[in-house]
Structures are given as structure tokens and as C-alpha cells.
Amino acid sequence: MSDEMYRRLMNIKNPELHKFIAWAIDLCKPDSVFINTGSSEDFDYIRKKAIEIGEEMPLKIPGHTVHFDSPYDQARAREDTAILLPGGQKLPFIRTKDRDEGLKEMYSLLDGVMKGREMLVGFYSLGPKGSPFSILAVQITDSYYVMHNENILYRAAYDEFVKQGERARFLRFLHSQGELNEMKQSKNIKQRRIYIDLPGETVYSVNTQYGGNSIGLKKLALRLTIKRAMEEGWLSEHMFLIGVEGPRGRVTYFTGAFPSYSGKTSTAMIGRLLGDDLAFLRNVNGEVKAVNPEVGVFGIIEGINPIDDPLIYEVLTRPNEIIFSNILITENGEVYWNGMGKPEPERGINYTGKWWKGKTDEKGNPVPPSHPNARFTVSLKAFKNLDPAYDDPNGVVVGGIIFGGRDPDTLVPVFESFNWEHGVVTIAASLESERTAAVIGKPGEREFNPMANLDFLSVDLGVYISNYLKFGEVLTRPPKIFGVNYFLRDEQGRFLNSKEDKRVWLQWMERRIHNELNAITTPIGYIPRYEDLRILFREVLNRDYGLEDYTKQFAIRTTKLLEKIDRIWKIYSEIPTIPKRFFDVLEEQKQRLLDARSKYGDVIPPQKFE
Ligand code: SPV
Ligand code: MN
């Protein structure tokens, strides 16, 4: 470490931090160490080195670069990720590993891994700086690409560490890409490991580069913040945070949880943007307030086109600091991604190297021009619809929480729970989503994904759900809980709604939060009245909304809904820590559905409940 870097580090008077960094240096044995203070010079240095070393390549448009992950390292590695627990403890639905064994394995993978490289150390704040919501974090990595992402996605907080000195409590992330091939891709994917050590609030990640596995502050931090949230009685969630503009300039804030590929980003973009992926929610004097721990977007690029996503498309095609990953570079040095609304190029360069139309992988499967999970990293500040409150240390008041999944045949397009408890049990904890071609598994199969947070749980699911229920009990003004489903289909498999309809659902939810509309009481909660939707469709989309469409979309499908309750019941009955009250709420819903079915039949038109 140079004298200058040593001075930077010693400026932070925190022996715990010094010990952690000294230990990491000792283990990883880098040639040199760079302390990133978050200054514009330091940011420039990281950007420049990412290109110089070849982790990123500059593109035609100023500020744009591309990074390619290994073909075997294109998504979150569920199978290589584990929560380390002492004594080999197990938890339902969570991959765990004996802590001693895991740490031993990790230390041997990290031993000397940074020889010949520079170790980068960055300081960040998850959440607005100096906010009661926020959590400090330190990232150590040997990847300029990883630190470049973090410089865009998180608030730099070296100054906050200096200010807090010994008091600073922080999460720790130690990452190495491991050995690289000639394309600068992690080579030893078989030794890819992501281990989460809860007692040490440390995550180790090695032999991987894909953002979801390597950018510590994103999904790796989520495991640690969920655990802190349980200890402190708040919610650390996989949710967007947006403001919805209601009548007379009113803005109502929503968070929303959706499993991948079920409409999260497109919903977030309709509103005023505060965050697209993560939210911290706290009880502040009986109301729920939320902040976004991030200040950037690491978004899926596939399918973004000027018609459906004009705001994002505009951001991605003008000069700005953007890191593209796993897209195709065309022969003209332009960026191409699947579904962008342009003809597919004949050839180019992608994550598999040289690419041409018809290229297949070693198993004979076609290689698409860009990977379905190709991404872009960009600052929130690039978005025209950014809400000015995005960095407010006090957070914004949450009026509604939305849970959405991909469901072909069961749930109505929008509905509201009777209360917090009913919403948590029957909507949030019962969230399922149909798998798509982009997620490994059989298309059409439903995947259980409570709160869209299952992949990131680091505590017992029963503890997590109990915390949700307790959190709501003491609120004086609990947010309303809504369910949405954009993917309902008819018998022929055609979607029953168009892509824009979600704009209307958001407005309906906004009015409900302010008690401006009545609703129909059904066995699953409140649903919209036809008359209200007819007016909103006219106002929002300038479109006629047919009674026939309404009747089909909002029919209560009792048998399908009862089957869903059975599936959910079975899952939770195997988790001993689920409170009894949870099953009472499910049982009540089941009774309401059975009563309705015996009175009105299997599929019940909404008007029957009026
Ligand atoms: C998601 O898939 O939910 C993401 C990207 O936000 S990842 O970082 O891989 O989780
Ligand atoms: Mn996400």
C-alpha cells in the first residue's frame, strides 16, 4: 500500500475496519491496494482501469462501455450460494452450509487469489447518507468492473466512515473474479462460491463476475440486511419504490415486489422513480416510510424498445455513463439486444466471443445475440421520471404495497386485501409466479416465491413472516396491500389485458388509498367496480373499457383459488415456526370461497358480489 493509500485508510479511525482490510490483504496477497474515497478522480481511475485492463470495452456513444461475463456465469448462481450456519443447521427453502467448513473452503479459494492484481477498497452507504434507515458497507474486490458498478449504483460514503470513525458499523464484502480467460471472464466457474456469513456480517464471493453474484451491495447485502431487519423490527425488501401521480398534483408512494420477469420494471417506470429493485421500510410514528438503498439501476435490457419502454430506451441510447453487460456489439460498434425493435444483425461480438446468426453452443442450442439476462447499469439521475425525494434521508410515506406475479388462470388483474394481516398471508406470503423460458425450469410451472424475496432469505421463513405480521400490528396508518396480475389468459391462451392496463390499476389503487372509490367485497378481498374502471380507462388511456372484458378479467375463479390455497397451505404446514394465526387467515379465505362457490358456482362474475 502506498503512503497515500495508507493515509487514506488511517483517516478512518476504525480499528475493526483496519483489521478486516489487513486480514484480506494477508489472505488474498494483492500486488497493491487502492482506497477509493469516492472523489471524481478516484471514479475516473476505476473507469479508466476497467477499460485499460480489458474488463470493459468502450462503445461508440460517449460514456458507454460493455462487459462480458462467462457463458456459464450469466445469472444468480443459486446452487453455488449458501448461508453459513454453525453446526450444520438447516433452514427450509434456504441453501445452507456448515460455517466452519464453508469458511475453510472459502479461505483456501481466496488464498493468494489477488497475486499480480490490485485490491480495490470502496466505502458506501445503503440508503441516503446520515439517514436513520441507512447502513454502511465496505467492498473489497479485484474487479474494476465490480467497483465501477458500485460507484454508479450506491452512495459513496468514505466521508461518512471518516466522520463516524470508531462508531461505524458496516457490512463487509470480499470478492475476487479468480483466474480469467483471454476474454477476461472468470475461468473456474466450477469453483464459483458465494458464502454469506451472518455473524460476521460478511459475504465472500469468488470465481464469478455476474453482477448479482459479485456486486456485494446488491443481492449479497440483501441477505445481511434481511437479518438486521429481523433483529430490529423493520423490513428489507426486494421491491421498487415509486410515486404515483394522482388527481390535483397529489403523489402517493408505493413499493412493489415482483419475481423476475413479471412486470416490476415496467410498473416502476410508470411512476416517479425512486428505486427499481430494493427498499428499506420502517415504522416512523405509526406510518411506514421507505428509502431505496441504491441510487442506480442494474436492469434487464431484453425487450426494451421505444414503444413499450420509451423512458428507458431514451436513457440507453444517449451519451451517459452506462455499463452494458452481455449484449451484442454489432460490426458498426453499436449495441444490439433482443427485442429492441431493430432487425437482428448478421454477426457481432457477444459473451461467447465472435457471434453469427445460427451460432450454437457445445450442446447444439442456439446462442442468441444478447443473453436473456443481459443488463445495463445506470444512475437513477439519468431518468427523466426521477422523483426529487429519492435521496431524502427521512424516506417517503408508503401508501400501498403491491405484490405481483405471472399467473395465467387464478388471480384477478388487481385487488386489495381486507387488512395488513390478510394481505401478508393471502397475497404476499402466497406469491407464486409462472416460470418463463428465461428462468430455468418448465414453462407454465408455478414457482413459490413469498414477497419475491425467497432467493435472498437468510433467516427462517417463519421468522420472516412473523416479523411482517408484527410490523403491521403496531402501525396506526398501515399501507394498503394490493395484488396484481398482468398475465391472465383466456382458454385460447390469449392475454386478457393489454400492457398499458397497469396504468389504470395503479390509478385505482391510488384512489383507494385516499378512500375516494368504493369497491366490491369478494372472498379474496376488494376488487374494482366496473363503473370506476370505465371512467379511469377513459381518463388514463382514453379508451372504452367493455363490460364483457371487465366481467371476464374480474371473475372470481373459486376452484383455482382454492387449489392455490391448498398449495400454499401444504408448503407452510411443513414450516414449524409459522404462527397458528397464519393458517386461520387461510382457513377463513377458504371458507369464503367454498360458500361463494356453493351459492354462485365455480367461476363467479364480479357483479354477483355487488
Ligand atoms: C433480479 O434478478 O432480481 C435482479 C438482478 O435484480 S440480480 O442482481 O441478479 O438479482
Ligand atoms: Mn432484483
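Any Cβ shown, glycine's included, is placed from N, Cα and C.
Straight from TrEMBL, the features:
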- 19-229: domain 'Phosphoenolpyruvate carboxykinase GTP-utilising N-terminal' (DOMAIN)
- R76, Y210, G211, G212, S260, N373, A374, R375: substrate binding site (BINDING)
- K219, H238, D277: Mn(2+) binding site (BINDING)
- 234-592: domain 'Phosphoenolpyruvate carboxykinase C-terminal P-loop' (DOMAIN)
- S262: active site (ACT_SITE)
- R375, R406: GTP binding site (BINDING)
Entries of R76, Y210, S262, R375, R406 (recorded positions) sitting next to ligand 1, with Cβ under 6 Å as the cut-off: R76
C-alpha spacing of K219 (Mn(2+) binding site) relative to Y210 (substrate binding site), in angstrom: 11
G212 (substrate binding site) to K219 (Mn(2+) binding site) - Cα separation in whole Å: 6
Extra residues within 8 Å (Cβ to Cβ centroid of R76, Y210, G211, G212, S260, N373, A374, R375), substrate: Q74, A75, F298, I300, S325
Rounded inter-Cα distance in Å - R375 (substrate binding site), R406 (GTP binding site): 21
Cβ neighbours of K219 (Mn(2+) binding site) where a neighbour is any other Cβ within 10 Å: 22
Intrachain C-beta neighbours of G211 (substrate binding site), sequence separation six or more, cut-off 8 angstroms: V146, N149, K218, F298, S325, R375, T377
Extra residues within 8 Å (Cβ to Cβ centroid of K219, H238, D277), Mn(2+): K218, L222, L278, F456
Distant-in-sequence Cβ neighbours of D277 (Mn(2+) binding site), under 8 Å, six or more positions away: K218, H238, M239, F240, K264, E294, V297, F298
Inter-residue Cα distance where the pair is R76 (substrate binding site) and S262 (active site), in Å: 17
Position of peak Cβ density within 10 Å, selected from the binding-site residues R76, H238: H238
